[in-house]
Each structure stands twice: as structure tokens, then as C-alpha cells.
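Q: Handing you this structure, nothing more for now.
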Amino acid sequence: MAYPGYLCFILLLCTLVARGLSGRVLPPSGAIVVRSCEPIRITMCRGLGYNVTGMPNLVGHETQQDAELQLTTFTPLVQYGCSDRLRFFLCAVYVPMCTVKVRQPIGPCRPMCERVRDDCRPVLHEFGFPWPAALDCSQFPASNDLDHMCMDGPSPGSDTSGQRVDYTLPLPRAPPSLPPSPPPSAACRHLRHPGAYVYVNRTERCAVRCGADALFTSGEKRLTETWMSVCAALCFLSTLFAVLTFLVDPRRFRYPERPVIALAMCQCACAVAYGVRLAAGSRRVACDRLTGALIGDGLGNTDCTIVFLLLYYFGTAASLWWVILTVTWFLSAGLRWSHDAIERYSSHFHLVAWAAPAVQTIVVLVSRAVDADELTGMCYVGHARARSLVAFALAPLATHLAVGVGFTVAAYAALFRYRSRVRSGVEKTAKLEQFMVRVGVFCLLCALPVTCIVACLAYEYVNSATWRLPGSSAKPGVEIFMLKIVMSLIVGMTTGPWTWSRQTIDSWRKFARRMRARCCCDDRARAARRKRAVPQYHYHGSAHVTTPAIYYRTYSAVDSSSKHKTSGSVTVV
């Protein structure tokens, strides 16, 4: 029954609506409402002359929690006291004033932004930081009027209520889970190239600055991008051919071979992920525009989200489909199951292959473990944190490798035992040996890349901390990472040649004949419709027919005295 599913959907919808309504400020009855507001819950932005705000804010944050995380990165600058209006300005941007009668959020005016920028930009330049692009003053209104409402801010040292307030000291305390951050100048001195890193307060770690060469040179990045584009193109073309061959003749691919097609589809999606990255560019995918550093604590933009979902979800699904392929080979070769017997469990195979990666992907997103790679600019998991690399990449892939190799060895053992018993028929033995070769080649082509990927991930996990030490001369080998890229796509490259055979040629010929016959049938149908479009009038039996003045075909009738009367037709033009 589908009722439990509907009930779960209704409960989920009610929960989302309840969470959306919680904390909203209700307008008085009779008021014209154009947007909803909520109380300010950020400690840093309380007591500034207004107490309600609305999301999304001026930089696109959907919740106050996200805005608060971003505001904490400015705590060292506020503590420095470069401007007495900095606190009000930041709160006006990240927690703008809201009223139910105005659709747009009310942020700061441009003159206040320019004063704060002129006061604090020299301090940022002293520490090697530019003025944030999200705080560009040109985006704010020049003055407060009816068309563009904004806040001029309080006069220096006072708030809107006229009471004397010191906007520099005392400062609001940071949330309990976020201790005060070290000054930007000393935060990343423990790394090899401190100038190539940016300290991000909300993650309490140093992230690589966008465009900086912390571990790899610009030449290595260009070489890797070229290598990545070639591998992705070959994988996409090969997997696309395999999937199209399956669509042309689905009955040809039966179990235990059917998982190869699903594996090809997953590898095609991974190639698309690389294509999105190459089309969008490294900076657009991997950089956080608010911090100016590589994304390291979640999904910074839409391109990063697309790349991560395609690469991680379908990469994990491809690994599971290889495991399912070894299981079906074992059931067919070892336990002598028929095609129909294996196909009865196809729904279970699909459930495991598609649901398990979905659960892993959700866990990664909830854990905010998505980060960007300096070398490739791809959004994945484990580039910045070793624990995430082990938990979400290395451990699952090693588990899949162990299970797949186990079923492959078991299938080989069963095949050799069966071969020793088949001695009477030469033809049967030859077919069995051909079957064993086909199984062994493809399983080797799948197991070897997975083994190489596991070894590359282990290499990265063991040496990642050493590469960043200031006194160490160790440097990551770019060839290892290039090997990981090609090994992650080589299985897809082999699916096209694996499906190529005489049956493939016959399938495409039959498909071409069907398409040609359908086109010819369409042409004959169009010709028949054009012929039927001309009206025809039939006259039978009588010789006394008045011929129209204008006619297309001459009608001749027999004499009335004739014994046999004939009939003709006249087509009126």
C-alpha cells in the first residue's frame, strides 16, 4: 500500500512548514503584508536600533545560522577596531532590517559602506587581505529614498535611540562553539606557504587561497586539466556508445551482463561532472566568493553542488555496480543460476546500488565535508580533512574492493572445479573457456583500477600532513593524482569496446533498417494523405450524367441500350 508513503510525505511537509513558521513576526491584523520577518537571534547584531530581519539577506544566506557563521569571520577585524561603524555595517548586510510593508530587505547606504571601507581596507591590506567582493559598495543605494530604502547608520559613537554606545568595546562574545579566532597574520604560520592560505573562522582552519600555488604549480595544474579533459572525453564517448547500444537492443544484455550497462551509465555521469568543471572553470566551481578561499566546509555554490553530486554519488554507485557484477558472475558461473533466476533479484540489485550511495551522499552533506581540490578544482570529499577522506572515500571503496575480489575468486574456483568435470564434450569445454576468459578480463579491468584508486587515496592520507609542514621538502607527486583520475574513468572507457562485437553490428543494422522503414512508411502515409485531400464524387449506373464545365478526368458512359451498364467517376476540380 502507498498510504505510509503519503503519510510520511505529509508529515515531512508539515515539519518543514512548522520550521518555516517558527520565529516569524506576525503583522497586525489588517496590515498589508508583502514579506515575513523574524526576530534577530545573532548576539552580535542585537541592540542596533532594529530587532527584526528577513531572509534571504543581501549576500544570499537563507538562514540566520549561515549568516552568523559568516559574520564570525570578521571577529578579528571588529576586535581590531578599525571603524566604529563596522559592526553596524556588517549586521546591516548580513542581518538587514525587515518590515512587512517593504518587499526588499533594508541594508546599508553606500556612503556608510565607503566610510567603513576606507577605514578598514588599509588594515586588511596590511595583513594581505583584499576588501571582500560581497561587500562591494557599488551594490548599495546611494541615498535613502522611497524607491531605494537603506540605513545611513548611527552617528559615530551613538545608536538610533540617542544613547551613547561604544561600538568597539565591549564586543559581543562569540558563540560558545566558536572560540575567538587568532589574528589573520599568525593563524597560518605553521604551514609551508602561509601567504597562500586564508584562515576561516567558522572552520577553525586554514584554507588555500583561490589561485594560490600551495602544493602544486600553475604548470602542473594546466597539465592536469588537459589530462582530465582527454580522459573525460574518452570516457563519455565510450559509455555513451555502450548505453545507446543497450537502448537499441535491450534483450541482448541479460544477467549476468546487465550490470555493465548500469556501470557505464554511472561512469558517463562522472565524465559529465568533469565536463561541468571544465566548462565552468576552476575558480567558479571551487572558490568561495565570500572568503576568497577554496570551499572547505560545504557547498559554496551551485556549480560545486552539481560537480560533487555527479562525481560522488555516481562514482559510488559505479563501484557498487561492479560489486553486483561480480555477484551475478558468481551466481551464474559458481552456482549455475540461469538468466531468469538472477533477474528475479534485479529489484534488490537496483535498491542496493542506488540507495546506498544516496545515504552516503546525504551523510557527507550533513557533515559539511565537501571540499575543493587545489589541483583539479573538483568538489569532492577528503581534500582538506584526513578523517573525511578515510570515512567517506577510502573505507567505502576498500570495502567494495574486498567484496568484489572475494566473489571473483569464488567464481573462478567454481569455474575450475566445473571445468575439471567437463571432459567429454570438446565444444562444451571450449565455450566454458571462452566464458572464463571474458569474465576474467573484465573483472581484472574493473578490480585493477579500484585497487589503484585505493592506493592513491592511501598515499594522499599518509602524506597530506607532511606536504604542508614548513620545514619539510616533501612534495606531492602530480603523476599520482593524474593516475587516480584516469583510473577513476578507465572502467567507463572499456565498456564501449566490451560491448563491441558482431552482435553489436547486427543490432545497429536492424535499428537502421527499422528507422529507414519507418521513414518510408511515413513518406507513403504523407503521399496517401495528399491524395485523399482532393475530393472525389462517384456516379454509378446512369448514362445521363451532366459533365461539369471544368473537370479533371473525362468520363465516358455506355449506351443506354447496352445490356451491361458500366460506371465511371468524375473528379471535380
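We number each residue from 1, going along the chain as drawn.
Backbone N, Cα and C atoms are what each Cβ position is placed from, and that goes for glycine too.
Here the structure is a predicted model, which means the values were calculated and not measured.
The annotation compositional bias 'Pro residues' is assigned in TrEMBL to 172-185. Per TrEMBL, the feature disulfide bond maps to CYS37-CYS98, CYS45-CYS91, CYS82-CYS120, CYS109-CYS150, CYS113-CYS137. TrEMBL lists 37-153 with the feature domain 'FZ'. If you look up TrEMBL, you'll see 224-507 marked as domain 'G-protein coupled receptors family 2 profile 2'. Per TrEMBL, transmembrane segment is recorded for 227-248, 306-331, 390-415, 435-461, 481-500.
Each of the listed features needs to be described in terms of its position in the shown structure.
A: The number of other CB atoms found within 10 A of the CB of CYS98 (disulfide bond), across every protein chain shown, is 23.
Of all Cβ atoms in the shown protein chains, 22 besides its own fall within 10 Å of the Cβ of CYS120 (disulfide bond).
Taking the Cβ of CYS137 (disulfide bond) as reference, residues of its chain lying under 8 Å away and at least six apart in sequence are, in sequence order, ARG110, CYS113, GLU114, ARG117.
Here the transmembrane segment (390-415) has long-range neighbours at 316, 319-320, 322-323, 325-327, 329-330, 333-335, 360, 363-364, 369, 380-382, 432, 435-436, 439-440, 443, 446-447, 450-451, 453-454, 457-458, 461, meaning same-chain residues at least 6 beyond its ends whose C-beta is under 8 angstroms from one of its own.
Only residues 6 or more beyond the boundaries of the transmembrane segment (481-500), in the same chain, are considered here, and those with a CB under 8 A from a CB of the stretch are 223-224, 227-228, 231-232, 234-239, 241-242, 245-246, 253, 260-261, 263-264, 267-268, 270-271, 274, 315, 318, 322, 375-376, 442, 445-446, 449-450, 452-453, 456-457.
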Q: Tell me the Cα distance separating CYS109 (disulfide bond) from CYS45 (disulfide bond), rounded to the nearest angstrom.
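A: Between the Cα atoms of CYS45 (disulfide bond) and CYS109 (disulfide bond), the distance comes to 17 Å.
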Q: So which residues does the transmembrane segment (227-248) touch in its own chain, when a touch means Cβ under 8 Å and the partner is 6 or more beyond its ends?
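A: Counting only partners 6 or more residues beyond its ends, the transmembrane segment (227-248) has Cβ contacts under 8 Å with 260-261, 264-265, 267-268, 270-272, 274-275, 277-278, 376, 482, 485-486, 489-490, 492-499, 504, 507-508, 511.
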Q: Cβ under 8 Å to the transmembrane segment (306-331), counting only same-chain residues 6 or more beyond its ends: which ones?
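A: Answer is 255-256, 258-260, 262-263, 266-267, 269-270, 272-274, 276-277, 285, 299, 337, 341-342, 349, 352-354, 356-358, 360-361, 364, 370, 378-381, 396-397, 400, 403-405, 407-408, 410-411, 414, 439, 442-443, 446, 450, 488, 491-492.
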Q: CB neighbours of CYS109 (disulfide bond) within 10 A?
A: 22
Q: So what's the average pLDDT for the domain 'FZ' (37-153)?
A: 85
Q: Using C-alpha atoms only, work out the spacing between CYS91 (disulfide bond) and CYS109 (disulfide bond) and round it to an integer in Å.
A: 13
Q: Provide the number of Cβ atoms within 10 Å of the Cβ of CYS45 (disulfide bond), excluding the reference atom itself.
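A: I count 23 other Cβ atoms within 10 Å of it.
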Q: Considering Cα atoms only, can you say which of CYS37, CYS98, CYS109, CYS150 is the nearest neighbour of CYS82 (disulfide bond) among these disulfide-bonded residues?
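A: That would be CYS109, nearest by Cα distance.
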